[in-house]
Amino acid sequence: MAASVEQREGTIQVQGQALFFREALPGSGQARFSVLLLHGIRFSSETWQNLGTLHRLAQAGYRAVAIDLPGLGHSKEAAAPAPIGELAPGSFLAAVVDALELGPPVVISPSLSGMYSLPFLTAPGSQLPGFVPVAPICTDKINAANYASVKTPALIVYGDQDPMGQTSFEHLKQLPNHRVLIMKGAGHPCYLDKPEEWHTGLLDFLQGLQ
């Protein structure tokens, strides 16, 4: 019998801005840890709901929360803390995590969201249990010393039809503790092209985290 899942949505206040979120939780028992899902420029938290990722994570025992980034989705009215393509202060995602009371989450970060996740990942004292970059932008804006200082285990994901995935991997492979999932025949949003492979790879990675 499939485990029950509770789903809800709402808004949080982050640095004076209202941000929309969707959440899925295990219907019973304590969640193992939290997973924060970010998104690309043409997407939103709805992507993760429609794909079934929120549901699959909650079924597997995780608290899964997807936010709509500032200026996008249902957070359209919120002003972004940095122009698109520039690194946002790491304090922005730290404030999101605090507002949602996530504890240190695993962060899933496709495409545009790299401008938020990479400064958060590499901030001094950052202790994320896991990081799943999916061809994120801004990988060239983090220096080698900052990559080398990251203790967080990473699952680097990209489609082999995505030139940006290969480019970002050239930088992300400097993360000391990483493994790679390359999806054959998949493009930039590789999780949409190969949802089963995405979910299997993601859940397998999470299972191995402490």
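Including glycine, each Cβ sits where the backbone N, Cα and C put it.
Under the heading N-acetylalanine, Swiss-Prot lists A2, citing a large-scale study or a structure entry as support.
Marked as phosphoserine by Swiss-Prot: S91. Under DSSP, S91 (phosphoserine) is assigned to a helix (H, G or I) in the three-state scheme.
Under the heading active site, charge relay system, Swiss-Prot lists S111 (among others), citing a curator's inference as support. Counting Cβ atoms from all protein chains shown, S111 (active site, charge relay system) has 23 others lying within 10 Å of its own Cβ.
A 10 Å cutoff on Cβ-Cβ distances gives D162 (active site, charge relay system) a total of 22 other Cβ atoms nearby, all chains included. Look at Swiss-Prot and you will find D162 (among others) tagged as active site, charge relay system, backed by a curator's inference.
What Swiss-Prot lists as active site, charge relay system is H188 (among others). Neighbour list (H188 (active site, charge relay system), Cβ cut-off 8 Å, at least 6 residues apart, same chain): G40, S111, A135, G159, D162, M164, G165.
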S91 (phosphoserine), Cβ-centred 10 Å count of other Cβ atoms over all protein chains shown, is 14
